[in-house]
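To start, the structure itself, in structure tokens.
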Amino acid sequence: MASPRRCSPTAPDRECKLPPPSAPAGEYPPGKLSWGTLARALGRFRLSIPYTRLLATLDPLALDREPPLQLSPEKQQMPEKLIWGDQEPLSKIPFKILSGHEHAVSTCHFCVDDTKLLSGSHDCTVKLWDAVDGSVVRNFEHRPKAPVVECSITADSSRVIAASYDKTVRAWDLETGKLLHHTRTITSCCFDPDSQRVASVSMDRCIKIWDVTSQATLLTITKAHSNAISNCCFTFSGHFLCTSSWDKNLKIWNVHTGEFRNRGACVTLMQGHEGSVSSCHFARDSSFLISGGFDRTVAIWDVAEGYRKLSLKGHNDWVMDVAISNNKKWILSASKDTTMRLWNIEEIDQIPLVIKYKKAMGLKVKQCERCDRPFSIFKSDTSSEVFTQCVFCRIDTRGLPAETSPSSSSSSERENLLPPPPSGSQDD
């Protein structure tokens, strides 16, 4: 039996008539092929459609062009193009490579005078660079704990801020490289009476005062105590700040005149607690001060003479915080023993123990001619100076110009006479 005529794949113009798939096997009309035979025949050769001819129509400008010599897909090479970033076209433009970060550099800035550069990186560092020689001028200390995403410089190139993935924004002094915030846990903060400034203290032993409006650091006192500072409070005038510390002491600072820069604390209260002092609070008229300690006691201080008038005992654990009522009749103390206590001190000067202290120290009470507050002086004082003002008014007077009389100047006038404290810091 003669074999059926095959359809030639090279003759596409000829019609290849095939039986439908339902035709029984072996019953093909002359000149017809089965589907299986056709599939096996087509599998023995490759289609000769060029790879790039399929893509040629994607270029509207190439429709009327003769396609170039085609290569197989394995040997097809993309045409070489010069794009921005290649070495060849940029080789004539001078540039410097600043290398110093260990991970991606996420942000960069010029300083105002263009002589310094600033950069932040995912390696958690912020660096200041010399734009002339490309060297690192400064690695800012106390860097963030997560990648830096942005940094910025103030218009006067005095401060640097950086934002980080650790949810913090840090600020540094560009000249010194010091962090403008606390470097360790902040233990306490308080507003001044005008709510224009905030004082904060920290376990880093520093005191900082901030301007609420500008959010700038007005002053910094470093190494204010020999141990962590636990609490702080302003006097009602806002001129003085008291700090308590784990070094068992309390200190009063004249933050109005900046006297602490030369003399340190104007008053230091010692030997009032047997352990760390946890809290402090001034009476509204600053006539006395109270403090709480880890020795479970509340101390009442005569600030003018710097001695402890009375120690209140009753708590079974640390005294964590203290407060004074506006009328000065009550003291409130909070303790780790889960209780608070209200102490009535209205008749404190009539308490036998307080009277005994005063007699032992030879004290008498006088009225301040400037603020009308009572203050204590020694009866046996042999000094030729006669005190007619309390300790706060005397300290405040020292900051005034010599030709200005305290009685002839209002508090607002004195504010204008005294220069504001600079943003620098004081080291011991």
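Cβ from N, Cα, C; glycine included.
Just so you know, TrEMBL annotations never went through curation; they're auto-generated.
Values in this document were obtained by computation on a predicted structure and should not be read as measured data.
According to TrEMBL, the feature compositional bias 'Low complexity' maps to 400-411.
Annotated compositional bias 'Pro residues' per TrEMBL: 418-428, in sequence order.
Per TrEMBL, the feature region 'Disordered' maps to 1-29 (among others).
Annotation comment: TrEMBL describes 400-428 (among others) as region 'Disordered'.
Long-range neighbours of the repeat 'WD' (98-139) within the same chain, counting only residues 6 or more positions beyond its ends whose Cβ lies under 8 Å from a Cβ of the stretch, are 145-153, 155-157, 160, 162, 164, 172, 174, 177. What TrEMBL lists as repeat 'WD' is 98-139 (among others).
The helix, strand and coil residue counts that DSSP assigns across the repeat 'WD' (148-182) are 0 helix, 18 strand, 17 coil. Annotation comment: TrEMBL describes 148-182 (among others) as repeat 'WD'.
According to TrEMBL, the repeat 'WD' annotation covers 179-220 (among others).
The annotation repeat 'WD' is assigned in TrEMBL to 222-263 (among others).
The annotation repeat 'WD' is assigned in TrEMBL to 270-311 (among others).
When Cβ-Cβ distances below 8 Å are used as the criterion, the repeat 'WD' (312-353) is approached by residues 231, 278-285, 287-288, 290-294, 296-300 of the same chain, each at least six residues removed from its ends. Among the features that TrEMBL reports, repeat 'WD' is placed at 312-353 (among others).
The repeat 'WD' (270-311): residue composition by secondary structure is 0 helix, 22 strand, 20 coil, according to DSSP.
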